[in-house]
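Here's the structure we're looking at; comments come further down.
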Amino acid sequence: MQVFLKATHFDFIGRRKPAIYASLFLIGVSLVSLFTQGLNFGIDFAGGTLIQVRFEKPMDLAPVRQAIAPLDLGDTVVQSFGTPEEVLIRVEKQGADNAAQQAIVSGVLDALKPIAGEHGVEMRRVEYVGPQVGEELTEKGMLAMLYAMVAILIYISFRFELRFALGAVLALVHDVVLTMGFFSVLQKEFTLVVVAALLTVVGYSLNDTIVVYDRIREEMKRMKRQPLATIINEAVNRTLSRTLITSLTTVLVLIALFVLGGAVIHDFALTLLFGVGIGTYSSIFVASPLVLLMDPGSRRKVAAETAEETP
């Protein structure tokens, strides 16, 4: 791939309009879905019951899931916790009072006894996540992304220029909105794990964008007499092989995680798979054209070209 992409001369800026229209369409679909059917919040945000148990021997998670499935506890997450003997069970169902909560815990323990063997199962911890806690986690998750965006805006403003910073932040907003829209359209469960993956996507996409922006800045010094559109095209083409090879190797690892990682890491890997693809696209077709659009001279030229195309 390095050989084939070493000296590419694609006109990315000349083809920016179809990419912009595609992005606007996908953002529109995402926003409509987010505002109409919203996100399918998991136990972390919607509330539920958390039960930590210990078996005397290492326990496979599949029998645990099968044992508690008939209890009708809503969305259920089962994962190892620390050691193979420790299992963490999170269920959507909440008790209206203490008696109902105890009934849920007792039902889970009774369901696990047949698979625990003669040594039985020991309850180590029980926590109840109410709706108020879920709302607090939602607020903190959104604030974490907002603070990340502000910090990125400040950093790139100092590192490059304000137009680069605005382009990077808008590209990141593009990535986050499309990823959240993906979860909303498919009604995939949205948990704290997905929020962590979203922040990882932001970091990955930003890294791709900064590599392109750094090359644009270097080309601006080297090609002082050239139009900005030509400079951006040259910079994107020079970084194209690095961008695609990095994304490809990352995707291969994520596919392995998605296929082999099990149910616990499934949503994390899925979020990153989608986010890395969108982030690679945005660093080439969104972040770079935004630098052109935010340049005063280029804006006037773009406006003139648009006027000439209009009959």
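Note: Cβ is positioned from N, Cα and C throughout, glycine not excepted.
Lifted from Swiss-Prot, the feature list:
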type	residues	note
TRANSMEM	19-39	transmembrane segment
TRANSMEM	142-162	transmembrane segment
TRANSMEM	166-186	transmembrane segment
TRANSMEM	192-212	transmembrane segment
TRANSMEM	245-265	transmembrane segment
TRANSMEM	272-292	transmembrane segment
Contact between the transmembrane segment (19-39) and the transmembrane segment (192-212) (at least 3 Cβ pairs under 8 Å, separation 6+): no
Selected stretch (most C-beta pairs under 8 A with the transmembrane segment (245-265)) from 142-162, 166-186, 192-212: 192-212
